[in-house]
Amino acid sequence: MVNAGDMNGSGNLMDFLDEPFPDVGTYEDFHTIDWLREKSRDTDRHRKITSKSKESIWEFIKSLLDAWSGWVVMLLIGLLAGTLAGVIDLAVDWMTDLKEGVCLSAFWYSHEQCCWTSNETTFDDRDKCPQWQKWSELLVGQSEGASAYILNYFLYIMWALCFAFLAVSLVRVFAPYACGSGIPEIKTILSGFIIRGYLGKWTLLIKTVTLVLVVSSGLSLGKEGPLVHVACCCGNFFSSLFSKYSKNEGKRREVLSAAAAAGVSVAFGAPIGGVLFSLEEVSYYFPLKTLWRSFFAALVAAFTLRSINPFGNSRLVLFYVEYHTPWYMAELFPFILLGVFGGLWGTLFIRCNIAWCRRRKTTRLGKYPVLEVIMITAITAIIAYPNPYTRRSTSELISELFNDCGALESSQLCDYINDPNMTRPVDDIPDRPAGPGVYSAMWQLALALVFKIVITIFTFGMKIPSGLFIPSMAVGAMAGRMVGIGVEQLAYHHHDWIIFRNWCRPGADCVTPGLYAMVGAAACLGGVTRMTVSLVVIMFELTGGLEYIVPLMAAAVTSKWVADAFGKEGIYEAHIHLNGYPFLDVKDEFTHRTLATDVMRPRRGEAPLSVLTQDSMTVEDVETLIKETDYNGFPVVVSKDSERLIGFAQRRELILAIKNARQRQDGVVSNSIVYFTEDPPELPPNSPHPLKLRRILNLSPFTVTDHTPMETVVDIFRKLGLRQCLVTRSGRLLGIITKKDVLRHMAQMANQDPESIMFN
């Protein structure tokens with residue numbers, strides 16, 4: 001049983017105290033907040049500030065500062081999130097290249113920075129310069145040959161293992177909450193659940209450091225999901241500096257919603273996409289004021305990242321591309337096929353990953369997280385190194401797959417056979433037959449695709465920071481690029497076919513394989529996360545191509561339809577259920593014809609409901625009830641015979657009230673009568689001093705009748721954010737329904753284990 005909303009405001013909690021005692025109104029760890037109560041407390045606080053602001057200039061200034069504190073918090077979140085994202089990007093770039101070699105002129109330069117600062121670099125050999133040396137050149141003086149290859153291979157694996165071991169050790173020792181993506185937990189916290197330490201300073205520090213290490217190790221994971229966690233840690237830190245947010249869990253969650261938007265803004269360089277992601281995917285309560293503040297936080301974060309310019313191209317992301325060819329209606333068919341592939345991949349990934357994570361939780365495998373990380377890193381590095389498409393960082397791979405083949409491209413994917421008589425502008429190169437490099441790249445991409453699909457299933461969920469956006473996009477981009485090259489070659493060799501005749505004449509630039517990679521990436525990301533609107537906006541902000549919204553929308557909607565046909569849960573919802581978090585998803589539908597009386601406790605055969613009476617229990621009786629039960633609150637009734645409901649008292653506030661009364665008020669002893677009435681009756685002269693606790697009583701707890709349909713009860717819990725509601729008949733208390741009772745009942749109706757929702 002849990003507490004109800006204090007609709008009367010917080011007020012002074014005991015008549016004999018001038019001020020509320022410390023810790024009142026706060027919640028225990030792993031408990032759910034009461035949204036109604038938090039909203040009521042904030043309204044009371046705002047009313048007091050408004051009335052005081054008319055008393056003096058100083059109070060008026062304080063009211064202005066209070067009004068502006070929200071915008072100040074957003075500014076600070078944006079600045080810190082943008083700075084951390086820029087530092088992470090720069091560090092990942094350097095440490096990824098460190099696995100292959102080192103810059104002699106300045107060891108802190110990445111490969112690209114080293115060669116671009118060199119005066120001896122030519123355009124054709126822009127990846128080669130004397131200042132950058134592979135480990136084999138540095139150690140044995142050889143850059144080619146079997147021995148140099150084996151040495152580079154060995155050192156690549158050693159660096160990867162070193163980074164991964166350091167990351168998992170830091171997480172285990174200093175911040176166990178820094179593992180995983182963080183988005184399932186952020187969603188649960190935003191729905192009103194308390195997980196102390198999950199957004200703490202240590203978690204922020206360790207997640208930032210280990211994120212650099214794990215992405216640099218070459219594991220099949222991304223930094224985008226964890227960046228949302230990092231931004232929310234920033235939000236939690238800054239909100240603790242302002243009492244408006246630190247003392248109100250509901251207001252704090254408004255800040256965290258905006259911080260999540262800033263996290264996506266810097267992860268993808270997509271401020272608008274970040275706001276929509278927060279609204280569509282992670283937030284539970286998102287008022288209009290939070291929308292504006294999210295927009296401001298995302299803007300500041302993106303501006304800060306742009307100022308740092310981590311990629312040196314004045315862009316916010318590594319894979320910014322621009323296409324010069326329009327798309328044609330006939331191409332919608334392959335785009336929709338990519339959407340089907342994305343939906344199927346999403347379903348396969350979710351089922352396999354959840355099965356593996358469940359196995360990890362229920363077998364001895366979960367007891368050896370360091371060994372698991374080391375083994376997966378070793379397998380990844382050993383298989384990844386021989387294939388150039390898996391050896392490089394996943395962001396660079398996506399960047400190459402998205403790229404349009406211009407005249408200056410040196411990639412294998414652009415090894416087409418050129419017509420020597422071609423005299424066209426650089427940006428309008430016609431479709432050409434594929435050369436040997438393209439066919440070789442297709443084989444390597446096919447192998448890389450199979451490897452990524454398999455290894456990502458085992459990587460996501462390990463005890464290290466691990467994002468899923470980039471690996472999902474890589475899978476889709478590889479599949480999309482291969483489909484794009486296939487359509488391009490089909491159009492080139494069979495331009496007289498009826499489907500190509502109208503829009504693909506010989507010598508025309510008809511098909512852009514990079515666009516197919518982009519559509520495939522959107523489809524796979526949509527299949528795994530079930531995002532739609534925010535996904536399309538993020539993708540067009542990434543590419544700067546408003547022209548390609550329709551293909552992206554077609555692929556995103558198709559992938560969602562296909563994936564939803566096999567199960568409504570996205571990967572984050574699936575992990576929430578796996579971990580047993582008490583999350584009431586607004587997207588779930590409840591269609592069963594059960595009543596409140598079927599779900600409420602106590603049931604037939606169970607002990608009667610534990611209640612307090614308004615004027616017949618002693619302090620000792622109340623303390624005994626608290627000691628013998630673990631309920632988080634107790635209904636208060638007129639008497640145990642009548643069971644007429646008066647209100648609801650929280651366990652925590654009862655404990656604090658009695659403790660403070662014993663310390664501060666003379667005459668309160670174990671046999672003092674506890675009163676919840678407005679005016680206690682006259683007592684005999686020798687009786688102990690009474691304890692009046694009317695002020696901690698919630699006089700308007702939420703109630704339903706025993707014949708209320710559960711469909712309505714579930715809706716009330718979702719929309720009002722209740723912890724519990726009391727069940728009555730004609731004003732007489734019958735039982736109680738808690739949020740966990742609702743979740744248990746929903747699991748039972750879906751033929752699932754009702755105890756699986758209990759957080760452990």
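For all residues, glycine too, the Cβ spot is worked out from N, Cα and C.
TrEMBL entries are annotated by machine, without manual review.
If you look up TrEMBL, you'll see 600-664 (among others) marked as domain 'CBS'. Within the domain 'CBS' (600-664), the DSSP-based counts of helix, strand and coil residues read 24 helix, 17 strand, 24 coil.
The average pLDDT computed for the domain 'CBS' (697-755) is 89. Annotation source TrEMBL lists domain 'CBS' at 697-755 (among others).
What TrEMBL lists as transmembrane segment is 68-92 (among others).
Residues or ranges marked as transmembrane segment by TrEMBL: 153-175 (among others).
Tertiary neighbourhood of the transmembrane segment (195-215): same-chain residues 29-30, 84, 87-88, 91-92, 95-96, 163-164, 166-168, 170-171, 174-175, 177-178, 182, 185, 188-189, 221-223, 226-227, 229-230, 232-237, 256, 393, 464-466, selected by CB-CB distance under 8 Å and a gap of 6+ residues from either end. Marked as transmembrane segment by TrEMBL: 195-215 (among others).
Here TrEMBL flags 227-243 (among others) as transmembrane segment.
Sequence-distant neighbours of the transmembrane segment (255-279) (same chain, 6+ residues past either end, Cβ-Cβ under 8 Å): 70, 73-74, 77-78, 81-82, 85-86, 186, 189-190, 199, 223-225, 227-232, 234-236, 238-239, 245, 285-286, 290-291, 293-302, 304-305, 315-317, 320, 469, 531, 533-534, 537-538, 541-542. The feature transmembrane segment is assigned by TrEMBL to 255-279 (among others).
The transmembrane segment annotation in TrEMBL covers 332-356 (among others).
Residues annotated as transmembrane segment in TrEMBL: 368-385 (among others). Outside the transmembrane segment (368-385) by six or more residues, the chain places 153, 156-157, 160-161, 164-165, 167-169, 172, 217-220, 360, 391, 451, 455, 458-459, 462-464 with a CB less than 8 A from a CB of the stretch.
The feature transmembrane segment is assigned by TrEMBL to 441-461 (among others). Long-range neighbours of the transmembrane segment (441-461) within the same chain, counting only residues 6 or more positions beyond its ends whose Cβ lies under 8 Å from a Cβ of the stretch, are 180-181, 219-221, 345, 348-349, 352-353, 356-357, 360, 376, 379-380, 383-384, 387-390, 397, 411-413, 415, 468, 471-472, 474-475, 478-479, 481-482, 485, 571, 575.
Residues or ranges marked as transmembrane segment in TrEMBL: 468-487 (among others).
Look at TrEMBL and you will find 515-540 (among others) tagged as transmembrane segment.
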Candidate ranges 68-92, 153-175, 227-243, 468-487 - greatest C-beta contact count to the transmembrane segment (332-356) (under 8 angstroms): 468-487
In contact by Cβ distance (the transmembrane segment (68-92), the transmembrane segment (227-243); 3 or more pairs under 8 Å): yes
Outside the transmembrane segment (153-175), six or more residues from its ends: residues with CB under 8 Å to it: 95, 98-100, 135, 200, 202-203, 205-207, 209-210, 213-214, 216-219, 369-370, 373-374, 377-378, 380-382, 385, 391, 462-465
Contact set, same chain, for the transmembrane segment (68-92): CB under 8 Å, 6 or more residues outside the stretch: 208, 211-212, 215-216, 223, 227, 230-231, 234-235, 238-239, 241-242, 244-245, 255, 258-259, 262-263, 265-267, 289, 293, 296-305, 307-311, 318, 393
